[in-house]
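Have a look at the structure below, then the notes.
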Amino acid sequence: MSGNVLVINSGSSSMKYQVVDAESGTASATGLVERIGGPGGRVRHSTIDGIHDYGCEVADHAAAMQAMTDAFTEHGPDLVALDLLAVGHRVVQGGARFGRSVLIDDRVVSIIEDLAGLAPLHNPANLAGIAVARAQFPHLPQVVVFDTAFHLTMPEHAYTYALDKQVAAEHRIRRYGFHGTSHAFVSRQAAAMLGAEPAQVNVIVLHLGNGASACAVRGGISVDTSMGLTPLEGLVMGTRSGDLDPAVVLHLLRSTELGVDDIDALLNKRSGVFGLSGRQDMRDLEQAVADGDTDAATALEVYCYRLRKYIGAYTAALGRVDAIAFTAGVGENSAVVRALTLQDLGVLGIELDPVANESPGKTAREISTADSAVKVFVIPTNEEWEIARETAEVIAESYGS
Ligand code: ADP
């Protein structure tokens, strides 16, 4: 279904938005309202005519919504003329409840509220955006697209932690996975680049941004992913540790003064490549390695080695791999990470073409050799387009096209 969708990604202190044509992916406006609830509020509104960047008091999410609509009124495009089909909202945690996107109503809102215990930092902030958008656009249907939904197809053996069954059930402890919109979008693109339908191919997607996750996609369906109950599990990230022995937490609790919140902050904000080297941004890390910084070199090796292990694990999980797709800020831009990660993986049928890997580009491209049994792709992700597409699909099913 075609039509413009207003995509909203509401966080606790920022609200990102984009008007996207669901069919073509063309964005007629993108923007960000930041520092909600604090001093120094700002709006950054981009259209084909240019970028409008200015300070603006943003006391709360209602004020952020007002700032967004004011930006459209003052700088265009005209929201009425865009003839919006719907509003599509990103929600981080859909639990075991939502295996796909849904039309918002009060019942859906209360289920998302109930799931806030699993994502205390994210779901309430996502809901704040939903509440103000419903008030601002009461005449438009609104749809929630969950980060977790794509992974609800994981088989029980992949999503189950080997914990006491009752405790796990009582507290809804299982693996959920995140970045679902990106993994769905990129795995579909990868199938297209293989000249096949998604149902015919197996793909490993490596979404490497500030947060990072790997996903094993069999026939268009997620069968495993590296993030778990929360986005902390799995790969080494900018500031998150990824996998570690859970006893590390117990050891810290017993042998230091650190409390639960301190350890939460340590693992989520002060670990990963930042914890190892003092640098969070992959560009800075690569520069430091080039300058001979040994901590930075260790951080890069740990980061890439973890990735290699997941590629091996997901090759075993899938049995046959047709392609590996790198995406997001690091995956799309860091030839160094791609090369180090795939080095000497000929045993798995993966042969990187060094020249293609080093060639800069902004579009989807193949970077493996002609002989490589497993194709390697760089595929720019587009989560907003995926949310717009999903939203339009739900609208078509609910109201007819
Ligand atoms: P987010 O998870 O915040 O959406 P992005 O997907 O935008 O993150 O990725 C951000 C990361 O991408 C940055 O932290 C940076 O490390 C990395 N990055 C961006 N450009 C480059 C580049 N040219 N080379 C290496 N890494 C890059």
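We number each residue from 1, going along the chain as drawn.
For all residues, glycine too, the Cβ spot is worked out from N, Cα and C.
TrEMBL labels come from automatic prediction, so no person has curated them.
Here the structure is a predicted model, which means the values were calculated and not measured.
Copied from TrEMBL, the annotated features are:
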- ASP147: active site, proton donor/acceptor (ACT_SITE)
- ASN9, GLU383: Mg(2+) binding site (BINDING)
- LYS16, HIS207, LEU208, GLY209, ASN210, GLY211, ASP281, MET282, ARG283, GLY329, VAL330, GLY331, GLU332, ASN333: ATP binding site (BINDING)
- ARG90: substrate binding site (BINDING)
- HIS179: site 'Transition state stabilizer' (SITE)
- ARG240: site 'Transition state stabilizer' (SITE)
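Shown here: features listed in TrEMBL, placed on the structure.
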{"residue": "ASN9", "record": "Mg(2+) binding site", "Cβ within 10 Å": "22"}
{"residue": "ARG90", "record": "substrate binding site", "Cβ within 10 Å": "22"}
{"residue": "ASP147", "record": "active site, proton donor/acceptor", "Cβ within 10 Å": "26"}
{"residue": "HIS179", "record": "site 'Transition state stabilizer'", "Cβ within 10 Å": "29"}
{"residue": "LEU208", "record": "ATP binding site", "Cβ within 10 Å": "26"}
{"residue": "ARG240", "record": "site 'Transition state stabilizer'", "Cβ within 10 Å": "25"}
{"residue": "ASP281", "record": "ATP binding site", "Cβ within 10 Å": "14"}
{"residue": "ARG283", "record": "ATP binding site", "Cβ within 10 Å": "12"}
{"residue": "VAL330", "record": "ATP binding site", "Cβ within 10 Å": "26"}
{"residue": "GLU332", "record": "ATP binding site", "Cβ within 10 Å": "20"}
Whole number in angstrom, please: the longest C-alpha to C-alpha distance across LYS16, HIS207, LEU208, GLY209, ASN210, GLY211, ASP281, MET282, ARG283, GLY329, VAL330, GLY331, GLU332, ASN333 for ATP.
24
Compared by Cα position, which of the recorded positions LYS16, HIS179, LEU208, VAL330 is the closest one to ASN9 (Mg(2+) binding site)?
LYS16
Most crowded position, judged by CB atoms within 10 A, among ASN210, GLU383 as binding-site residues:
GLU383
Entries of ASN9, LYS16, ARG90, GLU332 (binding-site residues) sitting next to ligand 1, with Cβ under 6 Å as the cut-off:
none
Counting every protein chain present, what is the number of Cβ atoms, excluding its own, within 10 Å of the Cβ of LYS16 (ATP binding site)?
19
Reduced to three states, what secondary structure does DSSP give GLU383 (Mg(2+) binding site)?
helix
Cα distance, VAL330 (ATP binding site) to ASP147 (active site, proton donor/acceptor), nearest Å?
20
Distance [Cα-Cα, Å, rounded] between ARG283 (ATP binding site) and HIS179 (site 'Transition state stabilizer'):
22
Collapsed DSSP category at LYS16 (ATP binding site):
strand
